[in-house]
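Taking it in order: structure first as structure tokens, then the write-up.
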Amino acid sequence: MTDQISHLGKTLSTAASVLIGSQDIEKNVENNLLSNSPRNPYRKTLQESLTAADFMNHETFDKLRKTRAIASTLSEDSKGLYSQRSREKYFTNKVSDKKTTFKVLSHLSDDLLKDLPETAESKSNTRDQGETKLLKESDSTDASQERIFSLYQGFEASIPVINRSVEKEHLLLEQNNQESAAQILPQMGNKPRIRSGPWEDLLESKEDTYISLDFNPERISNIKSKKELERINELANNNLVMLDIRKKLSADEIDEIKKQIQDLQLKQNLLVKKIAAIEENELFLEDIIRLIGHRSADFSNDTQIEFDQAKSLSGLNNPESMIDATRPTALERKNSIDIVETSLNEIRTSFDGSKQSIEGKDNHNALNGFFEDASNKKSRKAQPTVQKYYNSGKKLSTIPKAHDDAITCLDFDPHFSTLCTAGYMDHIVKLWDYTKKRQIGAMEGHVATISCMQVDKNYNMVATGSKDATVKLWNANDVIGRYEEGNNSEALHTLDAHLDEVSSLYIDGANLMTASQDKTIRRWDLYSGKCIQVFDVNFPSLSAYKSSFMKSNEDSMILKTVNTPIIGSIQSFDAALATGTKDGLIRLWDMRTGEVVRVLEGHMDAITSLKFDATTIISGSLDGTIRLWDLRSNNLTDIISYEKPISSLDFDAKHIVVASNEHNTHIYDRNDGNKWDLQDEEQDTTSLFVKYKERYTMEGRSNGDIGIWIV
């Protein structure tokens, strides 16, 4: 707004300096619009506008509106001025004579002259003489100073380019009448002009580099005339000046474009923040709607209980009918005694085993209740999209000291902004709202380090595996509610069939796959909590294998593990199961038969990470390589090498995210093969574990920090 007012003031100043200062108009003072008469309303209004301290007040605008009729006439004549084609008619109008019109249109006020750029010489003259000297074509400046060119020189430098473009267009039109454009354009050395965008001609054209004279060094060497050499020298200098001016014009355009880009970037950042705030409010409202649904269900249950109580009370009001209905006969009394004695005998014989079965039934009922409760199924009406608008490599935030020691594993749900993390020493799984960097839950129950976890994408369930040989299933909603109340959470169900540390797990629909150091893989039915299949991985190669990995990094989470996991990673889909083991082999299983159907060989050390999609399986190993395999042909398609052992990886169709016990998390672009890092100058620790979903990357570091990035 300030710039607009400034420009308006300069415009009024320019017009008024002509209208007020003109001395050549003395006829018809009352009626002439450009008259100096103080009774002229237009002149009087302009004079007041320029001299008043508050020229933008309402009174001035009212006076301007009163002269609307005169201004309308001027507007019509102005349209006539700009519509004339001949030079003479350009200065012909109904308001004034040609001489006056020429003065008005060609006049430059002092304010406009002061805006012209000054050279060092003109600045010194201004200081000495108090006036501004304009840069002329013959002026020269010191080579160490940037040359500043006048507007006239800019026009003059553009004329050869414009003339050449016009000549080319005329040539095209003339030849187009004789032949087809497809035959003409190749002869001219140009491609057919297919306009796909406003900048295509600018990118392909070289007209701005055009030199008006063909300077042939061989021809210059053969010139015998000094005058001819001086003429060519002058032309060359002129062309050099013109090229310099064109270069300066192009540089000015670049600066202007940069400024526009900065402004657009600032606007984009503000809009992204606005979208992020909107999505937070959307998630909050969905939580409110979910809470209302829970309360409505509670009201329905309370109503049913009240109905049952009222029905029972109505029966108590008629005690005689109750006595008659409940009085047993002699035969019924005898049968009841026999039934009681039989039941007592059964209880005595099975009492020892009943204690063990009660807990299992309770867990089974808890699982059934969890999956039958519709509130535990994940659903969102509005999906988050803000991550699409961030630039790749942007660090969103850091959760400092999420745990006191190194992060062993983590997982997150980008649709609900929830993050689960585990540390090496605290044996607690923490639940976070990662957008606010706030802890919202804690899962306590394991008695050893948590080595693996997964957040179910369909239900509010978290599965965790530990070195205590157990797998625990948690209700995330219950965990959050108990944490807000200040109470400890309890696991929804515990799977304790493994005999040694659980090293990896994977949830696939209703199935849960778990791998252990006891050399077995178990398949569980999540709805019942029962083990339905066991895979034996006690292969001879695993027993004889010894890792060649050298202990060289004290911060490495891998080195804190006494033994390399026998089964480093697993993943399943439908009836297919993939396992990566410490002998460096990838085995593909058919779960319908329980047999290995393929073996992929290539890694020279233990496999720590593994994941596959419809066509590709990607594995990371302690040998410092990532290998990509084509599942359709079983062929190795690519090898990506790093300096240190791979501790974790994740990928999608575009990128592979890698943690290799180094300072930065690595990114590999699957489309162009480029490698780049998530640069974090504030951190001096190592990246140990990564998860990558929908452009979000979560990295767990050796000091317990969690980094949140966009890839």
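For all residues, glycine too, the Cβ spot is worked out from N, Cα and C.
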* If you check Swiss-Prot, which stretch out of 224-281, 398-455, 456-513, 572-629 is marked coiled coil? -> 224-281
* Report, as numbers and ranges, which residues of the same chain sit near the repeat 'WD 7' (682-711): CB under 8 Å and 6 or more residues beyond its ends. => 387-388, 390-412, 414, 419, 421, 423, 432, 434, 553, 555-557, 647-652, 655, 657-665, 667
* **Cβ-Cβ under 8 Å with the repeat 'WD 5' (602-639): same-chain residues at least 6 beyond its ends** => 545, 547-549, 558, 564-565, 568-571, 573, 578-586, 645-651, 653, 656, 658, 660, 668
* Structure fact -> In DSSP terms, the repeat 'WD 4' (560-601) comprises 1 helix, 24 strand, 17 coil
